[in-house]
Amino acid sequence: MRLSLPLLLLLLGAWAIPGGLGDRAPLTATAPQLDDEEMYSAHMPAHLRCDACRAVAYQMWQNLAKAETKLHTSNSGGRRELSELVYTDVLDRSCSRNWQDYGVREVDQVKRLTGPGLSEGPEPSISVMVTGGPWPTRLSRTCLHYLGEFGEDQIYEAHQQGRGALEALLCGGPQGACSEKVSATREEL
């Protein structure tokens, strides 16, 4: 009992010391409550399509950039440029990659897709992310959709202008997943 008494006093002391454990509000987090579409639909829910597009743009950009760093030769402008065969393969692999790092979490009562390349501003101190399930397949299909819609050549040209240009190509424009018109339509629903 003697060993447990000092431990108990130490714990009680921490609660009494200003700035100790007792001054902090308890941290709580709950998993996002997913509706039927978010749980069972084969397609990416409309309110998450902008995040999905940005995730796809990030993965394409990152994979192309990694492939370029592996090149030993540069073009006349000093920039490393992939051959059509290589960038086509890299983009195909980007879509078939494992998307397990992505999932959904709720921040300020808004469900958002989260994962590499999607951070916006300060992260919440605690949150719960739902991963796996339909999300990897949905992201892979979204990636394949953009690959088919724009083609490898146009995507690689945008990549060469920078990550922002690639994201603007895939997600911007009047009908893009992140356009204000599409966002306004989502809010009306």
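If you go along the chain as it appears here, the first residue is 1 and each next one adds 1.
Using the three backbone atoms N, Cα and C, a Cβ is placed for every residue, glycine included.
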May I ask you to indicate which of 134-137, 162-165, 186-189 is given in Swiss-Prot as motif 'Prevents secretion from ER'?
186-189
According to the record in Swiss-Prot, which candidate from Cys50, Cys53, Cys95 pairs with Cys143 in a disulphide?
Cys95
Helix, strand or coil at Cys178 (disulfide bond), per DSSP?
coil
For Cys143 (disulfide bond), the close disulfide-bonded residues (Cα within 10 Å) drawn from Cys50, Cys53, Cys171, Cys178 turn out to be Cys53
Over the motif 'Prevents secretion from ER' (186-189), what is the model's average pLDDT?
43
Compile a sequence-ordered list of residues in the same chain as Cys95 (disulfide bond), six or more apart from it, whose Cβ lies below 8 A from its Cβ; state 'none' when nothing qualifies.
Val56, Ser140, Cys143, Leu144, Leu147
Taking the disulfide-bonded residues one at a time (Cys50, Cys53, Cys178), which has its Cβ surrounded by the most other Cβ atoms within 10 Å?
Cys53
By a 10 Å Cβ neighbour count, the lowest-scoring of the disulfide-bonded residues Cys143, Cys171 is Cys171
